[in-house]
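Chemist: Just dropping this structure here.
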Amino acid sequence: MVSLVILMRYSRVSSPESSDLYISSTAVFSMELLKFIICTFYIFSSTNYSLSHTSQLFKDNLINSPKEVLKLSVPSFLYALQNNLLYLALSNLDSASYQVIYQSKILTTALFSVFMLGKKLTVRKWFALFILLFGVILAQTSKSQDTHAKDLDVEDQKKNKLVGTFCVLCAACTSGFSGVYFEMILKGSPKVSLWIRNIQMGLPSLILSLISSLVYDYTPITSYGFFHGYTKLVVLVIVVQAGGGLLVALVVKYADNVMKVFAASFSIVVNAAVSWFFFGFKPDLRFCVGTICVCFSIVVYSGAGGKKKRTVLPLNKVEEREEKRSLINDKNS
């Protein structure tokens, strides 16, 4: 969480000339391609490296399941849009403010869960959401900035912060809707593994991200090349983003949301510290209070203190248990 935001921010502001800057839409496509390759390799390894078994799985879950792929094209499009918005946000907003404001996705996820899944929120959770909203507003209205922003005049600073904040809030909305929609699909067919779902969602994401990059950045791509501006840093951003997306899914699947919540709170604080060291970020009192409110609201919303510690099985045990459960369900059917 920390390294991705810091690396993305640095990759967007480190180039002295705008013409040397890489095309963010191509980076989104490269990230989606890498995720697809990782998921494919995992499925291939889970079949004891059997090409016939792997191809049969792909045939059953892609070619013979067009409705499932079509359903997953909705979050695929939104995730592709979200990733492009995040690049644009970090081109205009310091990483610490981005990290705090982006936590508003908890609010959007909660609201979509109420309307789409019919979930009921407790008074404690509504209180936490109110504190979260208050903290995000404080962080957004603060005068904190990093060294890059200081090089701009006052009007450009205001414009950049407004554009960056708008992109983050839009990304939070797409994140909330996509997450709830994906949860509906996962619960609707529990027999399908997370890796297969990633493949089903990854294929439309690949196609959509490629189309969007060619439509919106056709001129720079044809003029400079698809991989123009790619450096070791840009490649590292793509690798971290692809691996991080899968890592978050694994944390939720094999651990729990409480661990993910504490990681999010911890990353906000670390991000501010790292931004101060690398970007000369200087938070004001309003930003600090807003950050504290956001971290407090995340912990309160998760109800981390009231949950019992659950036993976390190793990956191979979990896979074995799910495979046995799937076989039992098939026999019953």
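Using the three backbone atoms N, Cα and C, a Cβ is placed for every residue, glycine included.
Pulled the feature table from TrEMBL, pasting it below:
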TRANSMEM  21-44  transmembrane segment
TRANSMEM  100-118  transmembrane segment
TRANSMEM  125-142  transmembrane segment
TRANSMEM  162-182  transmembrane segment
TRANSMEM  203-227  transmembrane segment
TRANSMEM  233-254  transmembrane segment
TRANSMEM  261-279  transmembrane segment
TRANSMEM  285-304  transmembrane segment
Chemist: Find the member of 21-44, 100-118, 233-254, 285-304 that has more C-beta pairs under 8 Å to the transmembrane segment (203-227) than any other listed stretch.
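Modeler: Answer is 21-44, with the largest number of Cβ pairs below 8 Å.
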Chemist: Within the same chain, where does the transmembrane segment (261-279) have neighbours whose Cβ lies under 8 angstroms from its own Cβ atoms, ignoring anything closer than 6 residues to its ends? I mean 6 or more beyond.
Modeler: 1-2, 5-6, 9-10, 94-96, 99-100, 103, 146-148, 251, 291, 294-295, 298-299, 301-302, 304
Chemist: Determine which recorded stretch among 125-142, 233-254, 285-304 has the most C-beta pairs below 8 angstroms with the transmembrane segment (21-44).
Modeler: 233-254
